[in-house]
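K.L.:
Provided herewith is a single structure, encoded as structure tokens, for subsequent inquiry.
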Amino acid sequence: NSSDLNPSSFILASIPGLEAAHFWMAILLCSMYIVAVTGNCMVLFIVKTEPSLHAPMYFFLCMLAAIDLALSTSTVPRVLAFYWFNTREISFSACLVQMFFIHTLSAIESTVLLAMAMDRYVAICHPLRHAAILTNTATAKIGLVAMARGVLFFLPLPLLLLPLPFCRSRVLSHSFCLHQDVMNLACANTTPSVVYGLTAILLVMGLDAILICLSYVLILKAVLRLALWKERLKVFSTCIAHICVVLAFYVPLIGLSVVHRFGKDLAPLVHIIMGHIYILVPAVLNPIIYGVRTQQMQRRIL
């Protein structure tokens, strides 16, 4: 009927046979969410109150913390409501809004990670020009460009889904809304949505990943020119935290993409776990990584 063609809501995925464990899964997710919120708020507070940390690298770290807070907050409370109160339905409009925030914030985070890689490149390969190139004004402009880039590239995703009819199952593969997941439920030609989604991901996350790798190739070349191994290790150690953060972002992203592309026959548990890892693990790990690897942050935390 007409309600099937224009659904008022979707059904969030549950794990068949493990409904009794939802309460304990929610406890685990809530604990991770509290750690993520506490850690990222601490990063924002420390950088704000410590004048010695008012530098581009720490401003980028603040952007990363704010993005992680927004991304986890846009999904986790709704997931917890599903697990604790069994509110499995999410309205069509709310699903599209959540999808927009997830994909846009992920794109912004990817751009900020690229900016942090460029910051490490300039600091190591052109140290005398670092302060002149990456000023506070330039850092703020990069943040605005990252935001505009994410919005412009990923705003069309929910708009492309608005006119599509949905006459199949309304059950999603995750406990939150992703573009490919919702698109697969449509019963019309989704080629424009598929092509645009793939293009946006390649031009944002794909291009960023290539440029990050290129920046580290140049950094390695500069480091290997140093005569002593101690100097090489000392210089390259300033990049370890950023490399870990990049891996914490891109590995779950690639894993989730692979599951969507090739994992149609996998158990629902795999899809749900990969989705939770993608949403929560970077937000939990990022402040821990920088708190452990950065001496200035360690001293201020203590």
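Cβ atoms are placed via backbone N, Cα and C, with glycine included.
Heads up, TrEMBL stuff is auto-annotated, nobody curated it.
OK, TrEMBL features for this one:
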TRANSMEM  20-46  transmembrane segment
DOMAIN    39-290  domain 'G-protein coupled receptors family 1 profile'
TRANSMEM  58-84  transmembrane segment
TRANSMEM  90-117  transmembrane segment
TRANSMEM  138-162  transmembrane segment
TRANSMEM  194-219  transmembrane segment
TRANSMEM  240-263  transmembrane segment
TRANSMEM  269-292  transmembrane segment
K.L.:
With a Cβ cut-off under 8 Å, give me the same-chain residues at least six positions beyond the ends of the transmembrane segment (58-84) that come close to it.
P.N.:
12, 14, 22-23, 25-26, 29-30, 33, 36-37, 39-41, 43-44, 47-48, 90, 98, 101-102, 105-106, 108-109, 112-113, 115-116, 119, 136, 139-140, 142-143, 146, 175-176, 245, 276, 279-280, 282-283, 286-287, 290
K.L.:
Would you mind listing the long-range same-chain contacts of the transmembrane segment (194-219), meaning Cβ under 8 Å and 6+ residues beyond its ends?
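P.N.:
Apart from its flanks, the transmembrane segment (194-219) reaches 106-107, 110-111, 113-114, 117-118, 120-121, 124-125, 149-150, 153-154, 156-157, 160, 179-180, 183, 236, 239, 243, 246, 250, 253, 257.
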K.L.:
Sort out for me which stretch, of 90-117, 240-263, 269-292, has the most Cβ pairs below 8 angstroms to the transmembrane segment (20-46).
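P.N.:
Answer, by Cβ pair count: 269-292.
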K.L.:
Return the average pLDDT for the domain 'G-protein coupled receptors family 1 profile' (39-290) as a whole number.
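P.N.:
PLDDT averaged over the stretch: 90.
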